[in-house]
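Shown next, in structure tokens, is the structure this report addresses.
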Amino acid sequence: MAAKRKAAAMNAVDDEPVDPSDELAFYCLGGGNEVGRSCHIIQYKGKTVMLDAGMHPAKEGFSALPFFDEFDLSTVDILLISHFHVDHSSALPYVLSKTNFKGRVFMTHATKAIYKWLIQDNVRVNNTASSSDQRTTLYTEHDHLSTLPLIETIDFNTTHTINSIRITPYPAGHVLGAAMFLISIAGLNILFTGDYSREEDRHLIPATVPRGVKIDVLITESTFGISSNPPRLEREAALMKSITGVLNRGGRVLMPVFALGRAQELLLILEEYWETHPELQKIPIYYIGNTARRCMVVYQTYIGAMNDNIKRLFRQRMAEAEASGDKSVSAGPWDFKYVRSLRSLERFDDVGGCVMLASPGMLQTGTSRELLERWAPNERNGVVMTGYSVEGTMAKQLLNEPDQIHAVMSRAATGMGRTRMNGNDEEQKIMIPRRCTVDEISFAAHVDGVENRNFIEEVSAPVVILVHGEKHQMMRLKSKLLSLNAEKTVKVKVYTPANCEEVRIPFRKDKIAKVVGKLAQTTLPTDNEDGDGPLMAGVLVQNGFDLSLMAPDDLREYAGLATTTITCKQHITLSSASMDLIKWALEGTFGAIEEIGTDEDAEKEDQQSESEEKQRMKEEADEEIPMEKPQAYLVMGCVVIRYHPRTREVELQWEGNMMNDGIADAVMAVLLTVESSPASVKQSAKHNKHHHHHHHDETDTLKFLNPHAAQDAEERFARLLMMLEAQFGSDIAPIERPRVPSSTESATTTTNGNGNSKSDSEQLSSLESKTDGATPQDPDTLSELEAAELSRLHALGIPVPGIEIKVDKHVARVWLEDLEVECANAVLRDRVRVVIERAVETVASMWSVGRSSKTITNGGGKEIAGTGADDVASKPGLEVAARA
């Protein structure tokens, strides 16, 4: 597996440049610093996930929608709906039918079943009653029903992978079907809680922290900030006290609730209380709404998704029904004895005391608002608020106990408000006096401040993003969480983005490859063992963000990939190079070459047919020439070279891949230059020089075949000049006049008046200002001596006596007969000497070394006498060694 970065490296990430692909982007299109129209976008590694699509219950028309125009919805891969409440799901039909959204939508089975009826009823209510004089229809009932098939359902605790995004829903405990989603993108784990509850109630499974998963980012609600609720038993007692107080004075109790969710929990509480208090059983409990009746069937269907209390009631009532023998007896836990269902207020006989659970919970429109306007003027009546009240709604205003409330349903029923006057709209409002009592006892299925903080601490995510909360509540919770950082080694980062605000958080996740197949059987070194262990090589396969390392043979089984091996062949015909020369050239480039002998199978592959093989062997037998089997060598462990001596054909064979192709190209480059490169010519010349036992006709044949074997001195001299120009520039000229020996000595030593010899540096003290090599002697005598010397040099194969090299202000002379270098500058002299030696070795033997006696100076300017090349080469410390 890939090595993980050490802690020090991880901590230094913040100081390093961050790749945009390593940043998690979070956009709040709704639900930022507010409660309502929840909609969030997360982007990471090119993947986009949309969380919820709700509408604001306190707003109407387009203003109730999230800010969809601020984001390109066509880039969204998947949309996850946490639960069916309107502030989390009612904008979904608009997204699917009115926008360019192209992704997939997921929710749980129970959520979709209730969502169908809830949104359908919501569309009908909004189309029949509104506080606006000009209503805006965002989508129709047909839009809603036509988009239902686009919604896919998933079960709790099951993992699904969509476009390399892994999602797992967990019970959230908020309402039936409500889910927390664990989202994994490229190893980054994000937990979105939605609305969740950790409280033990009568029918739902409370939310728990996913086990065995390290959460990197937690996106959680902050509805109640840091405020805490009283214990559950105290709230139930307060609820019953408030309800019975109103009933005892002959009033009616209005409990505004969402049609589904907390309403079912309150019905269970009331049913249980009425069961134990016979004096109340004569007072009816009403649950009004056509949608509520239909959705109760869903609750009866998904008993298996509820907690043990509901399952116990189900088994108990099933046993009672079986014991009675009456099959008509209802046996479900949702078949109430004291709760009656009403389709509408038209069938409601408003006489005497009662308890009425009506929707919607925010009292904006609908049945609950109509009953509020009807019962508010009577001081014997009472309103009990049990859910969370969103800012800007009538439910929130009613908690302040105003003296008057605005009549909406009465105005719509009487037709008032449809004729607008030129005056202020405030003057046209119908106000109703409020004399009823108002109590608030929270049974909202949201975590309070203590439960939320404990959940965040248990998850231990390094990054927390707070949503779904009013700004002041959210900031109080943020301050509390940041205050806990003083006790932590790893500080928690808390973000509270507002609507349309972008948050970018850098994350660098280690890329971990899973080793599978044959490679998984390799024993890896333990921590106690020294060394890095064996080198593991294989094929790295990426499927989405998952990496797997496997042997090529396992690709079909573990990756589902079909493998194809491409064998490449290349044929090159050489005119004269032998296998020895080829091997020598390849070894100089690639190191040791492995000889693998002959390959009969390869020979068979080269033969096109059996008839051609027989014909070839017959011809070879007629010629009575013994067949030489091809020689095979392996270069770099991947390229096979076969040399056929008779045809001088070289065959290359290798398995095609990026690395092998590069090696094969390099081998072909060596083969294509093996007959023309100066180094190869020199090597072949060395081999041919000392084998005098070869037949002359064979040697002549090889010279004829090799175009470099018959090169003359002029060609070699031109190559020498080319190499020198590459090193010292173009200011290089041949020396036309040779060095002439003095008449008094056979050597070239110059003596001063005292009989001491002068060194070359003393003789060349004025060389940089002179351009010819003659001494002031008689021109006629000098011309004859020069002519004789030139003739002698030409006879030796030396085209010119020497070469003059000018570099800036310095001049160096090279005499080609003995390769002596003369220069007043020691650095340039040494440099020229080294280049000359390398050049002569490259272009092979230049010419014979003169046999006349010479004086060659060493580094100290002392004279060393010699009689030939052998003597010169044998002297230690020479500046120039003659090359034979």
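Glycine is treated like the rest: Cβ placed from N, Cα and C.
Note that the coordinates shown come from a computational prediction; the quantities given were computed from them, not determined experimentally.
The Zn(2+) 1 binding site annotation in Swiss-Prot covers H83, H85, H174, D195, and the record cites similarity to another entry as its basis. According to Swiss-Prot, the feature Zn(2+) 2 binding site maps to D87, H88, D195, H468. Annotation comment: Swiss-Prot describes H446 as active site, proton donor. Positions annotated as region 'Disordered' by Swiss-Prot: 595-626, 678-705, 734-780. As annotated by Swiss-Prot, compositional bias 'Basic and acidic residues' applies to 605-619. According to Swiss-Prot, the feature compositional bias 'Basic residues' maps to 684-695. Residues annotated as compositional bias 'Low complexity' in Swiss-Prot: 742-758. Sequence annotations record features per position, and here Swiss-Prot assigns compositional bias 'Polar residues' to 762-780.
This view paints the features noted in Swiss-Prot onto the structure.
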residue	record	CB count, 10 Å
H83	Zn(2+) 1 binding site	28
H85	Zn(2+) 1 binding site	28
D87	Zn(2+) 2 binding site	27
H88	Zn(2+) 2 binding site	30
H174	Zn(2+) 1 binding site	28
D195	Zn(2+) 1 binding site	29
H446	active site, proton donor	24
H468	Zn(2+) 2 binding site	28
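Mapped onto three states, the DSSP output places H83 (Zn(2+) 1 binding site) in coil. Nearest to D87 (Zn(2+) 2 binding site) in space, judged by Cα atoms and limited to the recorded positions H174, D195, H446, is D195. Listed in chain order, the residues near the Zn(2+) 1 site other than H83, H85, H174, D195 are S82, F84, H88, A172, V175, A178, G194, Y196, G261, A445, each with its Cβ within 8 Å of the site Cβ centroid. Cα separation, D195 (Zn(2+) 1 binding site) to H468 (Zn(2+) 2 binding site), rounded: 8 Å. Checking the binding-site residues (H83, H85, H88, H468) against H446 (active site, proton donor) with a 10 Å Cα-Cα cut-off leaves nothing. For the pair formed by H174 (Zn(2+) 1 binding site) and H468 (Zn(2+) 2 binding site), distance between Cα atoms is given as 14 Å, rounded to the nearest Å. One way to see the shell of the Zn(2+) 2 site is to take the Cβ centroid of D87, H88, D195, H468; the remaining same-chain residues with a Cβ within 8 Å of it are G31, V35, G36, S38, D52, G54, S82, H83, H85, G194, E221.
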